[in-house]
Amino acid sequence: MNYEIVCGIETHIELATRTKIFCGCTTEFGGEPNTHCCPVCTGQPGALPVLNQKVVEYAIKAGLALNCKINTKSHMDRKNYVYPDLPKAYQISQYDEPLCEKGYIELDSGKRIGIARIHIEEDAGKLIHEKGYTFIDYNRSGVPLIEIVSEPDISSAEEAKEYAEKLQLIMRYIGISDCKMQEGSMRCDVNLSLRKPGDSSLGVRTEIKNINSLSFIQKAVMAEAERQADILDAGGTVVQQTMRYDEATNTVTPMRDKENSEDYRYFPDPDILRFSIDEEKIEEIRKSLPELPFEKLKRYVNVLGLPEATAKQISRYRKVAEFFEGALAEGASVKNAANLIVGTIFATMGTEEEKELFDVLISPAQYAALVKLADERKINIGVAQATLQKMLETGKPVEEFIKPEDLVGISDEELEKLCREAMDANPKAAADVRSGKDKAINAMFGYIMKKTGGKADIRKAEVMLRKLIGQ
Amino acid sequence: MRMGITELAVKLRKREISAVELTKAYIDAIEKLNPTLNAYVHLTFDTALEAAEQADQMLKEDDAPLLCGIPMALKDNICTDGIPTTCCSKILEGFKPYYDATVWERLKKQGAVLLGKTNMDEFGMGSTSETSCYGAPLNPRNTNYVTGGSSGGSAAAICANLAVYSLGSDTGGSIRQPASFCGVVGLKPTYGAVSRYGLIAYGSSLDQIGPLTNSVKDAAIVFDAIKGVDRRDQTSVDYDYGSSMAECLDRDIKGIRIGVAEEFFDGINPEIKSKVEEAIKLFERNGAVIENIRIPAMKLALPVYYIIACAEASSNLGRYDGIRYGYRTASYSSIDDMIVKTRSEGFGDEVKRRIMLGTYVLSSGYYDAYYKKACLIREEINREFDAVFEKCDVLVAPTAPSTAFPLNCKRKSPVEMYLADICTVPVNIAGVPAISVPCGEDANGLPIGMQIIGRRFGEVTVLQVAHFYEQNAGQIIGAYEGGVRI
Ligand SMILES: [Zn+2]
């Protein structure tokens, strides 16, 4: 393709506050239609909005995590338009003074995707079309959202996916949203245009609305770029319009023929006073932010010396990282603590969601107690894995499964005796090792493990065997 | 002489009359007079009698609140749980809120007895109450004349003594101007002093609820009961007025600095001008210091008001679409058709005019030229008012440029009607408090009103000066014959 992709993404993220943005109604998902409602969130005549401070706090958190400048003075605007799911006929949003501006997300390549702005706003209700009628459920009405608008810095489908993935990860990490795309708590709109390489002016762009999975973002960008390229190659012009991505056919089709140039008649909402946020509050929130996943990843690799793949798997989930770091604080070794999480605990968790929740029965301290036994070679890795499995199933501490007599293990004299026996029982193997066939040593390991019921420290045995064989 | 709240409260406590008897007396009067005056549009006699019975129970206790058992009325734009609240608009036909406005909640707790909801200009838009979908209320002082607006029904009910007190709302003079036309007292508090929760919005940054009464003292008592911060209204303010309003009324006015701005007297009916000037002389004779001041930006107040109020109204009234409550057109082919027809049939001409105006001034391409500029001028007006109140404690001015107009005379010319608010609008722009008190009559025997305007949260001084005038000017209170006589 002889074109450059110019792409920006607008992401709506539902904030995980307990109550709605302008009233005390619950934000709980689901519920019988129109049961999580009050005069305020259904826009009854005379009702007035009261801004939820937690929403402002969460939005600032998002802004700080995305390296934004936080505006200390801000206000809410009314965005006027008529739609049955919008009970006031305006959405309370932010227009010319968004809470956060001018941030960025860094991709793995080191490229930065600019964040133009983050603003807070309310969600609308939901239309349900049934039996030839349209019903409206206002349970979602007034659920707090932030809209994160990127600069058009994204230039490939892969970058688009990585951007959204990173955004999701960060938002989950700082605990302001669960960002479940299937449930709509994170929704992406993709703006895309093409231009000839080297051109500085932007081409005509289209907007793909409401993409609800990360892989669809990548596919949609690819499909739309190809569609636009075909048009341009044929000498045509791209029409500015709103598109829909159809995952079944992997095609992008127009939603509305023409982008209706709606006039939202924005103006400051007179019911909500301008608000200012003091620097102290911003600092307080900044301090409350956790170490972000990418910083963690870097630290795990550079300081803890973990292999990148393992470090990535652990740093990706905030609860896992906390568990891991908790075990380290209790004295567990980095390597064993990490490997047992990735190798054994993750094996019990099928989905991303389970890893995200990381709902394990044992505490980091209990986990550390087990890891330390492995660290000190009091048990070998196989026993550690099997024991951990039992601990995860029962929630019981390591002492329940490993008896003190097991721990003493095999004395050096005993080990030496066992090694001699193993050599005697496998004379050929011993000879092979002596002549350089290193793998042959495994036969003698097998003998020793069998005799000790798997308790022998295999590393120690190896050293002993090689000494006896005379290598 | 008709009785004020304090006198009635004493009578109720001495068991000279019960709340039920008092309520019945008002019900009788309403039944007799309302068919002519049209002050009330929804009557709530059944619940009034129940409330009166409960009030009688409360009155047996020593600490029953002052307003307990006193019959009153609410403007039809103040939400009342289970009781129609329609803003006198067809579009809210049959609408019964399922929640109470904060002011009504507060009064209810005090044992207030609600007689009904009073007539008004549709959504508060008008200066005569003639835009009501229920027809205009008539001025009890002369039924060939309008009551003023938009709280015309609330003013008429007080004038005719069909309620002891009533609440109105004031966006550009809607309490003070009808108070002036009907010869009663009307107080518009500081913006934010009284919660707007449950007041169906017209111009949100200007609207304020206030009392209409027969005396300044009653206004002080009612204001005391409804004021105060409300967590459901972010624009409400936690202001500490100190002691209760009524206790401050008898303070001396010696040394009080009264500002007189010539801008308020431009183009005013000479009869009104001279009455207000007489009042100023009375203050001066009693030791007040008169300061001549200027408020040059005031001449822009009226256009600024119509831009801001209409812009906010166009947004506030967007929700009336026939989907959730109120009126819905009989037949339609699509949702868009339903909304268009519902609104075309449900709103009156004046409301449509202001929605159109408001939509226009907010439209892209016009926003900067109109709405934004209006906001800048509003700030300038605020600055000038602030400067005035550095020099003066209160301003004295006429309430309206004329006395009540004959019925139907302004309906053809909206601009002429808008001019009726010329003296009241600047006060809403600046968000300061003002009261209108009766100040004599014109040659036709129609009441004249005088405004006393104060600094933000300066209600105590405003009421004190108004009370002094009321007590010393020998005005006839309750000049209307008829209504309840206790
Ligand atoms: Zn609610």
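Sequential numbering from 1, following the chain as shown.
The backbone N, Cα and C atoms fix where each Cβ goes, and this holds for glycine too.
Per TrEMBL, the features are as follows:
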type	residues	note
DOMAIN	B:21-463	domain 'Amidase'
ACT_SITE	B:K75	active site, charge relay system
ACT_SITE	B:S150	active site, charge relay system
ACT_SITE	B:S174	active site, acyl-ester intermediate
Next item on the list: Within the domain 'Amidase' (B:21-463) only, compute the mean pLDDT.
Entry: 95
Next item on the list: Sorry to bug you, but what's the C-alpha spacing from B:S174 (active site, acyl-ester intermediate) to B:S150 (active site, charge relay system), rounded to the closest Å?
Entry: 5
Check: For B:S150 (active site, charge relay system), which DSSP three-state class applies?
Finding: coil
Margin query: Roughly how many Å lie between the Cα atoms of B:K75 (active site, charge relay system) and B:S174 (active site, acyl-ester intermediate), rounded to a whole value?
Written below: 11
Next item on the list: Around the Cβ of B:S150 (active site, charge relay system), how many other Cβ atoms lie within 10 Å? Please give the count over every shown protein chain.
Entry: 36
Note to self: Among B:K75, B:S174, the active-site residues in question, whose Cβ has the most other Cβ atoms within 10 Å in this structure?
What the structure shows: B:S174
Margin query: On the three-state reduction of DSSP, what should I expect for B:K75 (active site, charge relay system)?
Written below: strand
